[in-house]
Amino acid sequence: MKMLTPNQLNSLNFSGGPGALPETVLDQVREAIVSVPDVGLSILGISHRSDWFASVVAELETNIRVLLGLDKGYRVLFLQGGATQQFSMVPMNLLRGSPVAAQYLHTGYWSGKALPEARREGPVQVAWSGEASGFSHLPTDAELALDADAPYLHYISNETVEGLQFHRVVGRDDVPRICDMSSDFLSRPGEFDRFSLIYAHAQKNIGPAGVTVVVLRDELLQKMRGDVPTFLDYRAQADANSVLNTPPVFAIYVILLVTRWLRDEAGGLPGIAAKNAKKAEVLYKALDASRGFYRGRAAAADRSLMNVVFTLPGSDVEQRFLDEAADAGFSGLNGHRSVGGIRASIYNGLELSAAEMFANFMDDFARRNR
Ligand SMILES: *Cc1c(COP(=O)(O)O)cnc(C)c1O
């Protein structure tokens, strides 16, 4: 491999998750490991019962609410267990004992993981499945069989593995919408007040593993059963202001730094969305200009602005692509183990210059190997 500095290597990290974080955030994290400004202690040794940590949680809640444009009718929780635990917590709290089926969209690998967890808790109806078409596209509104009586509709805004992203809000306004936004949370503006519950673990787009953000409507909290284990009870977590037990102080602090960066340096969600769209445009252009050498996995209309997923003609060429990319300093490009191929993840923290460098690499590789 070429001799690259740690900063250069970090800047070329296209990992699907944990994803790359902005360099200025990493600099502050490095400092906080030794001593948090104004506190004097390492972030790894500060009590979650301290006034300082209470102020971190309060500021982070505000930042998330402001970025999403949500009012005080929404609670913001910081939970553990990743998005996978939300696959269970949602139906435990909202489906257990219901005679009416919750509706789920089956649009790819991760929504497929949510289904069996929901079925443990109650009846589930799949309102649309892309399985027969190999999860290559998302449904149109006309294809969705939506039920007005369902306790909720669950879907995933960005299927991280297949590189499919909804570019609109789906579902009925009279049925609570629940969305897993783990891989595109805080990547673009949206009509977030049309959701009853949004969850997103931090490690794809907004921080390190260990914390999951849950944003939910107060009125949905009131409808919950309250007979689930305390730790898995959204109401108990909300009553305890996310410190029911020891929370991941470090991970929560890092997402605070990321929200400050979004607010102060990245131009808020409109600013980061413009940058993300440009990165995606550069990569999809390289794909489309290759005259079939690179084949995109997703239908053009449903292409993800976060995960660009494609194949090359044959696994030996793919391996050579990965080897040469690694030699040039690019990392994290292997497709998910369930689908193979290549996946370039271009989360918030990745700079446009890195996407441009990778697009040039793609052009050059195609020219030499076509
Ligand atoms: C990665 C991913 C998950 C799994 O998250 P864990 O935090 O590892 O449980 C769930 N949903 C989506 C959309 C993902 O991208």
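Using the three backbone atoms N, Cα and C, a Cβ is placed for every residue, glycine included.
In the record from TrEMBL, residues Ala83, Thr84, Thr160, Asp180, Gln203, Asn245, Thr246 bind pyridoxal 5'-phosphate; the candidate from Trp52, Trp110 listed for the same site is Trp110. Screening the binding-site residues Arg49, Thr84, Thr160, Asp180 for a C-beta under 6 A from any atom of ligand 1 leaves Thr84, Thr160, Asp180. Sequence-distant neighbours of Thr84 (pyridoxal 5'-phosphate binding site) (same chain, 6+ apart, CB under 8 A from its CB) are Lys113, Glu117. Just so you know, of the recorded positions Arg49, Lys204, the Cβ with the fewest other Cβ atoms around it within 10 Å is the one at Arg49. Taking all protein chains in view, 11 other C-beta atoms sit within 10 angstroms of the C-beta of Asn245 (pyridoxal 5'-phosphate binding site).
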